[in-house]
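Notes follow the structure.
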């Protein structure tokens with residue numbers, strides 16, 4: 001099976017097309033199917049007095065919305081990136097996901113700064129909500145900085161199927177910038 005993103009180095013394709021979307025699907029499943037456990041595991045590294053309880057309606061709705069956003073994240077990342085070889089499209093989507101990474105980490109601020117650096121206290125949820133986000137953001141930053149791309153980016157820059165049949169027009173220099 002050929003994937004349009006094949007022009008990029010294998011480590012990027014492995015992470016962005018498979019590992020991260022599967023991780024996001026796991027988060028969506030856990031938040032939607034086991035919302036009480038999800039919430040308990042989320043706060044456990046910083047709050048020992050939190051007990052599993054029946055969730056109120058607003059909290060349940062919020063967790064279902066979170067699950068929906070995890071699903072969107074997974075589908076968006078895999079389906080968009082696997083359908084194109086355009087470095088510009090990859091950069092733009094990965095930039096948006098980097099902004100989402102920063103926003104995701106910012107949502108952890110109410111747990112206190114300890115959640116960001118006290119790795120020995122992390123449970124599986126903290127590893128997913130903080131550690132894995134650090135990894136994803138770091139890999140995105142590497143891609144956006146061009147680390148390891150070299151000739152791969154030039155090879156991947158072939159036109160997409162839709163643009164092949166369109167008449168060529170003079171390109172404005174501002175439109176062909178990297179980002």
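Any Cβ shown, glycine's included, is placed from N, Cα and C.
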*Looking at the candidate ranges 124-149, 150-175, report the one that TrEMBL labels transmembrane segment.*
124-149
*asked:* Let's see if you can do this one: DSSP helix, strand and coil counts over the domain 'DUF7704' (9-147), in that order.
replied: 110 helix, 0 strand, 29 coil
